[in-house]
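Visitor: This is the structure I have questions about; it appears just below.
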Amino acid sequence: MKALLVLGFLLLSASVQAKVFKHCELARILRSSALAGYRGVSLENWMCMAQHESNFDTEAINYNSTDQSTDYGIFQINSRYWCNDGKTPRAVNACGIPCSALLQDDITQAIQCAKRVVRDPQGIRAWVAWQRHCQNRDLSGYIRNCGV
């Protein structure tokens with residue numbers, strides 16, 4: 001019985017480990033997911049935004065006390081508008097997903113939700129980190145030597 005508890009704990013802890021992508025690994029995934037060039041947003045811009053939002057960490061979570069919302073995952077997608085965390089007042093959930101889906105090692109749902117975000121009029125400007133760190137900058141270094 002004790003061995004089963006230990007095994008269960010080990011399996012549970014393994015399933016909640018954060019994935020921190022290496023930059024070329026993430027660049028290849030974003031390219032193969034048709035995010036590169038989506039709505040005119042280059043792969044370099046996506047990479048810059050993801051680095052400055054989460055440092056490529058799938059389990060990044062940041063609480064915003066001003067509006068009681070939380071940003072989730074590699075793209076730091078906000079619970080006020082895009083996902084449901086069950087605690088953000090007046091949440092819209094425009095992506096139609098639980099915020100926990102944005103914390104998965106498999107970032108397929110995060111990519112789909114990011115595509116939904118950029119379809120709005122703000123586009124990539126919805127991400128403050130992109131505005132502060134990426135907009136109107138030379139971003140070529142984000143994919144240099146990645147073969148993408």
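Don't overthink the numbers, they just go from 1 along the chain as shown.
Including glycine, each Cβ sits where the backbone N, Cα and C put it.
In case it helps, Swiss-Prot gives these features for our protein:
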type	residues	note
SIGNAL	1-18	signal peptide
DOMAIN	19-148	domain 'C-type lysozyme'
DISULFID	C24-C146	disulfide bond
DISULFID	C48-C134	disulfide bond
ACT_SITE	E53	active site
ACT_SITE	D71	active site
DISULFID	C83-C99	disulfide bond
DISULFID	C95-C113	disulfide bond
Visitor: Work out the three-state DSSP category of D71 (active site).
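Guide: Going by the DSSP assignment, D71 (active site) falls within a strand, counted as strand.
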Visitor: According to DSSP, does C95 (disulfide bond) fall in a helix, a strand, or coil?
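Guide: In the DSSP reduction, C95 (disulfide bond) maps to coil.
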Visitor: By CA-CA distance, flag whichever of C24, C48, D71, C83, C134 among the recorded positions is nearest to C95 (disulfide bond).
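Guide: If we rank C24, C48, D71, C83, C134 by Cα distance to C95 (disulfide bond), first place goes to C83.
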Visitor: I'd like to know which of the disulfide-bonded residues C48, C113, C134, C146 sit within 10 A of C83 (disulfide bond) at the Cα level.
Guide: C113
Visitor: Using Cβ-Cβ distances, find the residues under 8 Å from C146 (disulfide bond) that belong to the same chain and are at least 6 apart in sequence, listing them in sequence order.
Guide: H23, C24, A27, R28
Visitor: Calculate the distance in Å between the alpha carbons (Cα) of E53 (active site) and C99 (disulfide bond), and round it to a whole number.
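Guide: So the alpha carbons of E53 (active site) and C99 (disulfide bond) sit roughly 16 Å from each other.
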Visitor: Which of the three DSSP-derived classes (helix, strand, coil) applies to C48 (disulfide bond)?
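Guide: The residue in question, C48 (disulfide bond), is helix (DSSP, three-state).
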Visitor: In whole Å, how far does the CA atom of C48 (disulfide bond) lie from that of D71 (active site)?
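Guide: That comes out at 17 Å between the alpha carbons.
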Visitor: Where among the disulfide-bonded residues C24, C48, C83, C99, C134 do you find the Cβ with the fewest other Cβ atoms within 10 Å?
Guide: C24
Visitor: I want to check the contact list for C113 (disulfide bond): same chain, sequence separation of six or more, C-beta distance under 8 angstroms. What comes out?
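Guide: Counting only residues 6 or more apart in sequence, the Cβ neighbours of C113 (disulfide bond) under 8 Å are F75, I77, W82, C83, C95, I97, L102.
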Visitor: Look up C83 (disulfide bond) in the DSSP assignment and report helix, strand or coil.
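Guide: C83 (disulfide bond) sits in a strand per DSSP.
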